[in-house]
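Contents: one structure, followed by commentary.
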Amino acid sequence: MTEHKSGFISIIGRPNVGKSTFVNRVIGHKIAIMSDKAQTTRNKIQGVMTQEDAQIIFLDTPGIHKPKHKLGDYMMRVATNTLSEIDAIMFMVNVNEDIGRGDEYIMEMLKTIKTPVFLVLNKIDLVHPDELMPRIEKYKKYMDFTEIVPISALEGLNVDHFINVIKSYLPEGPKYYPDDQISDHPEQFVVGELIREKILHLTSEEIPHAIGVNVDRMIKEDEDRVRIEATIYVERDSQKGIVIGKGGKKLKEVGKRARQDIERLLGSKVYLELWVKVQKDWRNKVNFIRQMGYLEDRD
(Lines of atoms letter the chains of each structure in order from A and count residues from 1; the text may use other names and numbers.)
(Lines give C-alpha, C1' and ligand atoms only; values in the text may rest on other atoms or scores of the structure.)
Protein backbone atom coordinates (compact mmCIF):
# COMPACT_ATOMS: atom_id res chain seq x y z
CA MET A 1 0.00 0.00 0.00
CA THR A 2 1.35 3.43 -0.96
CA GLU A 3 2.10 5.65 2.03
CA HIS A 4 0.03 8.82 2.43
CA LYS A 5 2.04 12.02 2.73
CA SER A 6 1.03 15.37 4.14
CA GLY A 7 2.66 18.64 5.06
CA PHE A 8 2.62 22.43 5.23
CA ILE A 9 4.33 24.51 2.54
CA SER A 10 4.98 28.24 2.92
CA ILE A 11 4.97 30.38 -0.22
CA ILE A 12 7.20 33.39 0.24
CA GLY A 13 8.40 36.09 -2.13
CA ARG A 14 8.21 39.75 -3.06
CA PRO A 15 4.79 41.26 -3.82
CA ASN A 16 3.26 40.35 -7.19
CA VAL A 17 5.45 37.38 -8.11
CA GLY A 18 2.35 35.17 -8.49
CA LYS A 19 1.93 33.50 -5.09
CA SER A 20 -1.85 33.87 -4.98
CA THR A 21 -2.16 32.80 -8.63
CA PHE A 22 -0.26 29.62 -7.77
CA VAL A 23 -2.48 28.80 -4.78
CA ASN A 24 -5.63 29.33 -6.83
CA ARG A 25 -4.20 27.18 -9.64
CA VAL A 26 -3.37 24.14 -7.50
CA ILE A 27 -6.51 24.33 -5.34
CA GLY A 28 -8.79 24.80 -8.34
CA HIS A 29 -10.83 27.51 -6.60
CA LYS A 30 -10.27 31.21 -6.08
CA ILE A 31 -9.11 31.33 -2.44
CA ALA A 32 -6.32 33.91 -2.46
CA ILE A 33 -6.92 37.42 -3.76
CA MET A 34 -5.20 38.28 -7.06
CA SER A 35 -4.34 41.79 -8.21
CA ASP A 36 -1.56 43.59 -10.06
CA LYS A 37 -1.20 45.93 -7.08
CA ALA A 38 1.43 45.13 -4.42
CA GLN A 39 0.62 43.87 -0.91
CA THR A 40 -2.83 42.49 -1.73
CA THR A 41 -2.48 39.34 0.41
CA ARG A 42 -3.00 40.29 4.06
CA ASN A 43 -3.34 36.95 5.82
CA LYS A 44 -2.00 33.40 5.76
CA ILE A 45 -4.65 32.00 3.47
CA GLN A 46 -4.34 28.25 3.67
CA GLY A 47 -5.18 26.43 0.49
CA VAL A 48 -5.68 22.71 1.00
CA MET A 49 -4.81 20.45 -1.95
CA THR A 50 -5.99 16.88 -1.47
CA GLN A 51 -4.93 14.04 -3.76
CA GLU A 52 -5.24 10.29 -3.31
CA ASP A 53 -1.69 9.90 -2.03
CA ALA A 54 -1.08 13.27 -0.37
CA GLN A 55 -2.51 16.38 1.22
CA ILE A 56 -0.56 19.64 0.90
CA ILE A 57 -1.52 22.73 2.89
CA PHE A 58 -0.20 25.92 1.31
CA LEU A 59 0.36 29.04 3.39
CA ASP A 60 0.12 32.03 1.04
CA THR A 61 2.08 34.59 3.04
CA PRO A 62 1.94 38.38 2.55
CA GLY A 63 4.65 39.78 0.29
CA ILE A 64 7.82 40.91 2.01
CA HIS A 65 8.02 44.70 2.20
CA LYS A 66 9.05 47.47 4.58
CA PRO A 67 6.09 48.17 6.91
CA LYS A 68 4.59 51.66 6.73
CA HIS A 69 1.80 51.24 9.30
CA LYS A 70 0.50 48.77 11.90
CA LEU A 71 -1.30 46.67 9.29
CA GLY A 72 1.91 46.47 7.24
CA ASP A 73 3.85 45.51 10.36
CA TYR A 74 1.34 42.73 11.02
CA MET A 75 1.64 41.49 7.43
CA MET A 76 5.42 41.22 7.80
CA ARG A 77 5.16 39.29 11.09
CA VAL A 78 2.78 36.83 9.46
CA ALA A 79 5.27 36.25 6.64
CA THR A 80 8.29 35.61 8.86
CA ASN A 81 6.47 33.64 11.60
CA THR A 82 5.08 31.25 9.02
CA LEU A 83 8.58 29.98 8.21
CA SER A 84 8.89 28.30 11.61
CA GLU A 85 5.67 26.30 11.20
CA ILE A 86 6.19 24.37 7.99
CA ASP A 87 7.77 21.36 6.23
CA ALA A 88 9.18 23.22 3.22
CA ILE A 89 9.45 26.73 1.79
CA MET A 90 8.60 27.84 -1.74
CA PHE A 91 10.62 30.95 -2.55
CA MET A 92 8.82 32.31 -5.59
CA VAL A 93 10.40 34.87 -7.90
CA ASN A 94 9.40 36.52 -11.16
CA VAL A 95 11.85 35.08 -13.69
CA ASN A 96 11.12 38.06 -15.96
CA GLU A 97 12.63 40.52 -13.45
CA ASP A 98 16.17 41.08 -12.19
CA ILE A 99 17.08 40.01 -8.66
CA GLY A 100 16.06 42.91 -6.43
CA ARG A 101 16.96 44.01 -2.93
CA GLY A 102 13.76 42.39 -1.70
CA ASP A 103 14.87 39.04 -3.14
CA GLU A 104 18.31 39.42 -1.56
CA TYR A 105 16.70 40.23 1.81
CA ILE A 106 14.55 37.09 1.63
CA MET A 107 17.49 34.86 0.64
CA GLU A 108 19.58 36.17 3.53
CA MET A 109 16.70 35.24 5.84
CA LEU A 110 16.29 31.79 4.25
CA LYS A 111 19.99 30.97 4.67
CA THR A 112 19.45 30.83 8.44
CA ILE A 113 16.59 28.31 8.20
CA LYS A 114 17.12 24.53 8.07
CA THR A 115 13.80 23.85 6.32
CA PRO A 116 14.07 22.70 2.65
CA VAL A 117 13.81 25.67 0.27
CA PHE A 118 12.51 25.32 -3.29
CA LEU A 119 13.32 28.15 -5.69
CA VAL A 120 10.28 28.53 -7.94
CA LEU A 121 10.86 30.73 -10.98
CA ASN A 122 7.39 31.84 -12.02
CA LYS A 123 6.17 33.45 -15.26
CA ILE A 124 8.38 31.37 -17.60
CA ASP A 125 5.79 32.05 -20.31
CA LEU A 126 7.19 35.61 -20.44
CA VAL A 127 10.84 34.72 -21.17
CA HIS A 128 12.64 32.94 -24.02
CA PRO A 129 13.83 29.42 -23.04
CA ASP A 130 17.44 30.43 -23.78
CA GLU A 131 17.23 33.10 -21.07
CA LEU A 132 16.14 30.67 -18.35
CA MET A 133 19.44 28.97 -17.40
CA PRO A 134 21.45 32.23 -17.05
CA ARG A 135 18.77 33.55 -14.68
CA ILE A 136 18.80 30.35 -12.64
CA GLU A 137 22.60 30.56 -12.35
CA LYS A 138 22.32 34.08 -10.89
CA TYR A 139 20.11 32.80 -8.05
CA LYS A 140 22.41 29.82 -7.38
CA LYS A 141 25.21 32.26 -6.55
CA TYR A 142 23.25 33.52 -3.53
CA MET A 143 22.43 30.21 -1.80
CA ASP A 144 22.03 26.46 -2.20
CA PHE A 145 18.41 25.60 -2.95
CA THR A 146 16.97 22.15 -2.27
CA GLU A 147 15.28 22.19 -5.70
CA ILE A 148 14.92 24.74 -8.51
CA VAL A 149 11.73 24.53 -10.57
CA PRO A 150 10.58 26.91 -13.35
CA ILE A 151 6.79 27.23 -13.74
CA SER A 152 4.00 29.44 -15.04
CA ALA A 153 1.25 29.55 -12.42
CA LEU A 154 -1.02 31.51 -14.75
CA GLU A 155 -0.68 29.08 -17.66
CA GLY A 156 -0.24 25.95 -15.52
CA LEU A 157 3.14 25.12 -17.11
CA ASN A 158 5.21 22.61 -15.09
CA VAL A 159 2.92 23.01 -12.06
CA ASP A 160 2.01 19.29 -11.86
CA HIS A 161 5.70 18.39 -11.99
CA PHE A 162 6.40 20.81 -9.14
CA ILE A 163 3.63 19.25 -7.03
CA ASN A 164 5.33 15.86 -7.49
CA VAL A 165 8.63 17.42 -6.41
CA ILE A 166 6.98 18.74 -3.24
CA LYS A 167 5.43 15.35 -2.48
CA SER A 168 8.83 13.66 -2.68
CA TYR A 169 9.99 15.78 0.28
CA LEU A 170 6.89 15.48 2.46
CA PRO A 171 6.80 13.19 5.51
CA GLU A 172 4.33 10.35 5.82
CA GLY A 173 1.24 11.77 7.51
CA PRO A 174 -2.55 11.86 7.79
CA LYS A 175 -5.16 14.01 6.09
CA TYR A 176 -5.48 17.09 8.27
CA TYR A 177 -8.62 18.29 6.49
CA PRO A 178 -11.64 16.55 4.88
CA ASP A 179 -11.41 15.88 1.13
CA ASP A 180 -13.81 18.69 0.23
CA GLN A 181 -12.20 21.40 2.40
CA ILE A 182 -10.07 23.84 0.41
CA SER A 183 -9.27 26.52 3.02
CA ASP A 184 -9.13 26.91 6.79
CA HIS A 185 -10.61 30.40 6.65
CA PRO A 186 -14.31 30.88 7.37
CA GLU A 187 -16.38 31.38 4.22
CA GLN A 188 -17.14 34.95 5.35
CA PHE A 189 -13.44 35.85 5.26
CA VAL A 190 -13.02 34.45 1.74
CA VAL A 191 -16.18 36.27 0.60
CA GLY A 192 -14.76 39.55 1.93
CA GLU A 193 -11.49 38.91 0.07
CA LEU A 194 -13.36 38.29 -3.20
CA ILE A 195 -15.16 41.63 -2.81
CA ARG A 196 -11.86 43.38 -2.04
CA GLU A 197 -10.26 41.84 -5.12
CA LYS A 198 -12.91 43.38 -7.39
CA ILE A 199 -12.36 46.82 -5.84
CA LEU A 200 -8.61 46.52 -6.44
CA HIS A 201 -9.22 45.65 -10.08
CA LEU A 202 -11.61 48.55 -10.64
CA THR A 203 -9.98 51.41 -8.72
CA SER A 204 -6.87 53.53 -9.12
CA GLU A 205 -3.45 53.33 -7.44
CA GLU A 206 -4.56 55.72 -4.69
CA ILE A 207 -7.10 53.28 -3.28
CA PRO A 208 -5.78 49.71 -2.85
CA HIS A 209 -4.34 49.48 0.65
CA ALA A 210 -6.88 51.87 2.14
CA ILE A 211 -9.58 49.28 1.36
CA GLY A 212 -10.95 46.86 3.94
CA VAL A 213 -14.05 44.69 3.64
CA ASN A 214 -16.10 43.32 6.51
CA VAL A 215 -18.91 40.82 5.88
CA ASP A 216 -21.57 41.94 8.37
CA ARG A 217 -24.18 39.26 7.69
CA MET A 218 -24.28 36.04 5.69
CA ILE A 219 -27.61 34.24 5.88
CA LYS A 220 -28.92 31.25 3.94
CA GLU A 221 -32.45 32.35 3.06
CA ASP A 222 -33.44 29.06 1.42
CA GLU A 223 -31.85 25.97 -0.15
CA ASP A 224 -30.17 27.77 -3.05
CA ARG A 225 -30.02 31.44 -2.01
CA VAL A 226 -27.62 33.26 0.33
CA ARG A 227 -27.99 36.87 1.44
CA ILE A 228 -24.73 38.72 2.10
CA GLU A 229 -24.37 42.22 3.54
CA ALA A 230 -20.87 43.71 3.55
CA THR A 231 -19.26 47.05 4.38
CA ILE A 232 -16.35 48.44 2.39
CA TYR A 233 -14.12 50.66 4.54
CA VAL A 234 -11.94 53.46 3.17
CA GLU A 235 -9.87 56.11 4.96
CA ARG A 236 -11.02 59.31 3.23
CA ASP A 237 -14.19 60.80 1.77
CA SER A 238 -12.49 61.18 -1.61
CA GLN A 239 -11.81 57.42 -1.66
CA LYS A 240 -15.45 56.73 -0.86
CA GLY A 241 -16.46 58.67 -3.95
CA ILE A 242 -14.02 56.72 -6.11
CA VAL A 243 -15.32 53.35 -4.89
CA ILE A 244 -18.97 54.32 -5.38
CA GLY A 245 -18.36 55.96 -8.76
CA LYS A 246 -20.56 58.31 -10.75
CA GLY A 247 -24.18 57.47 -10.08
CA GLY A 248 -23.07 54.39 -8.11
CA LYS A 249 -21.80 52.66 -11.27
CA LYS A 250 -18.43 51.55 -9.85
CA LEU A 251 -19.96 50.00 -6.73
CA LYS A 252 -22.60 48.25 -8.84
CA GLU A 253 -19.88 46.72 -11.04
CA VAL A 254 -17.93 45.61 -7.93
CA GLY A 255 -21.07 43.88 -6.67
CA LYS A 256 -21.79 42.22 -10.01
CA ARG A 257 -18.28 40.79 -10.40
CA ALA A 258 -17.96 39.74 -6.76
CA ARG A 259 -21.35 38.04 -6.81
CA GLN A 260 -20.31 35.83 -9.73
CA ASP A 261 -17.20 34.57 -7.90
CA ILE A 262 -19.06 34.15 -4.60
CA GLU A 263 -21.77 32.09 -6.30
CA ARG A 264 -19.08 29.79 -7.69
CA LEU A 265 -17.49 29.51 -4.24
CA LEU A 266 -20.73 28.79 -2.37
CA GLY A 267 -22.59 26.89 -5.08
CA SER A 268 -25.69 29.01 -4.39
CA LYS A 269 -27.43 32.07 -5.79
CA VAL A 270 -26.27 35.17 -3.93
CA TYR A 271 -28.01 38.44 -3.06
CA LEU A 272 -25.16 40.86 -2.30
CA GLU A 273 -25.66 44.24 -0.65
CA LEU A 274 -22.69 46.60 -0.28
CA TRP A 275 -22.14 49.79 1.72
CA VAL A 276 -19.12 52.11 1.70
CA LYS A 277 -18.04 53.82 4.94
CA VAL A 278 -15.15 56.09 5.92
CA GLN A 279 -13.05 54.88 8.88
CA LYS A 280 -10.18 57.35 9.12
CA ASP A 281 -6.70 55.84 9.45
CA TRP A 282 -8.13 52.34 10.06
CA ARG A 283 -4.85 50.60 9.14
CA ASN A 284 -3.25 52.01 12.30
CA LYS A 285 -6.10 50.98 14.63
CA VAL A 286 -5.24 47.57 16.09
CA ASN A 287 -8.75 46.74 17.31
CA PHE A 288 -10.25 47.62 13.95
CA ILE A 289 -7.65 45.50 12.13
CA ARG A 290 -8.60 42.60 14.40
CA GLN A 291 -12.30 43.19 13.69
CA MET A 292 -11.57 42.97 9.96
CA GLY A 293 -10.29 39.41 10.41
CA TYR A 294 -6.55 40.12 10.33
CA LEU A 295 -5.96 38.55 13.73
CA GLU A 296 -2.69 38.57 15.59
CA ASP A 297 -0.95 35.17 15.71
CA ARG A 298 -0.96 33.81 19.25
CA ASP A 299 1.71 31.61 20.80
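All residue numbers here begin at 1 and follow the chain in the order shown.
Note: Cβ is positioned from N, Cα and C throughout, glycine not excepted.
Some features that Swiss-Prot has for this protein:
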type: DOMAIN; residues: 5-172; note: domain 'Era-type G'
type: BINDING; residues: 13-20, 60-64, 122-125; note: GTP binding site
type: REGION; residues: 13-20; note: region 'G1'
type: REGION; residues: 39-43; note: region 'G2'
type: REGION; residues: 60-63; note: region 'G3'
type: DOMAIN; residues: 203-280; note: domain 'KH type-2'
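There are 23 other Cβ atoms within 10 Å of the Cβ belonging to Gly13 (GTP binding site).
Secondary structure of the domain 'KH type-2' (203-280), assigned with DSSP and counted as helix (H, G, I), strand (E, B) and coil, comes to 32 helix, 31 strand, 15 coil.
Summarising the environment of Lys19 (GTP binding site), the number of other Cβ atoms within 10 Å of its Cβ, over all protein chains shown, is 29.
Each residue in the region 'G1' (13-20) gets a DSSP state, and the totals come to 2 helix, 0 strand, 6 coil. Non-local neighbourhood of Ile124 (GTP binding site): Val95, Leu132, Pro150, Ile151, Ser152, Leu157, Asn158, each in the same chain, at least six residues away, with C-beta under 8 Å from its C-beta.
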